[in-house]
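Here is the structure we will look at.
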Amino acid sequence: MTAPPVRHVPVLGREAVAMLAPRAGGVYVDATFGAGGYSRAILATAETRVIGIDRDPTAIAGGSGLVEESGGRLTLVEDRFSHLAAVCAAQDAAAVDGVVMDVGVSSMQLDEADRGFSFRLDGPLDMRMSGQGPTAADVVARASEADLADIIYIFGEERRSRAVARAIVMARRHGPIATTRALADIVSKVVRAKPHEIHPATRTFQALRIFVNEELDELIAALAAAERVLKPGGRLAVVSFHSLEDRIVKNFLAWRGKTGGGSRHRPEIERAPPSFAILTKRPLTPCDDEIRANPRARSARLRAAERTDAAAIDDGAERPAWPSLANVMRGG
Ligand SMILES: C[S@@+](CC[C@H](N)C(=O)[O-])C[C@H]1O[C@@H](n2cnc3c(N)ncnc32)[C@H](O)[C@@H]1O
């Protein structure tokens, strides 16, 4: 059964685009094109040019109408946003005036049963935004019990991660766990939800989705790439959907936006001049009306900053020690 497609409502879209302060003649990157809500809003400022990136081929195909409407001002590129700098260079835009990201999964992806993102709809256990690489079913079939527990704990913040991993390993002995319903049923047996709490499989599904799409690694790399491609005075605006993502954005901007002192992680390094000036001391959050209209918006956070003229800080993109997709699929 396929749910009817739901039009994506761009969360904090107006605020995110306002942070970019688009101006005529400016070049902007919409790193998460989706249904094109942010791109459309940027293009509303005359004579802007937008490079829209999405790793989902259906999002790129769905944007063809807007490309036509834009009269040559919108270019869409199917790629990962961690490749943002290379994408810009290939579009003759080595330096840009703004980068906006609305990270995570789109409503269109969530609401399409065949994409396998949702525990509410039965479909193949897929979860790949790009349709390439290992699926969630592959991860659930191959990962060791210890890796599964780590994945579900780190990316899902599921306190019962060990019990869930154990239940998955027991269940897969009897045959592949191939559907969203099958996985949701396995998780529901070991994670009990009280009435009014989120569905017991919410955190496990979130974890697998983030892991399969390497979402946090992508975000870390994309922030560093944005720092390299933004002109002095160029703006970065990032909307994130949960605390794991927001923490990455917050820490990145805190590190890049501070003067004096050393890094908490690398006190031996003398701090370079700040490469960003923070525009949002506190993150912006959706108003009550936006949350009522779109309950998925409730945990959204917008952070923004303006590029200074200091050089990009190349700190080798510090990556926390979480399991990597390639290692887990190799079985090591
Ligand atoms: C929340 S939606 C964006 C919605 C968009 N702002 C709009 O107005 O319709 C996120 C989109 O980003 C894409 N995406 C997520 N991670 C990505 C990545 N690492 N590289 C490229 N696209 C990505 C997803 O495929 C999805 O279409």
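Using the three backbone atoms N, Cα and C, a Cβ is placed for every residue, glycine included.
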Same-site S-adenosyl-L-methionine binder from Asp54, Asp138, Asp147, given that TrEMBL records Gly36, Gly37, Tyr38, Phe81, Asp102, Gln109: Asp54
For Tyr38 (S-adenosyl-L-methionine binding site): intrachain residues, at least 6 apart, with Cβ closer than 8 Å: Pro10, Gly13, Ala16, Val17, Asp30, Thr32, Val100, Asp102
Residues that sit under 8 angstroms from Gly36 (S-adenosyl-L-methionine binding site) by C-beta distance, when 6+ apart in the chain: Asp30, Gly52, Gly62, Gly63, Leu66
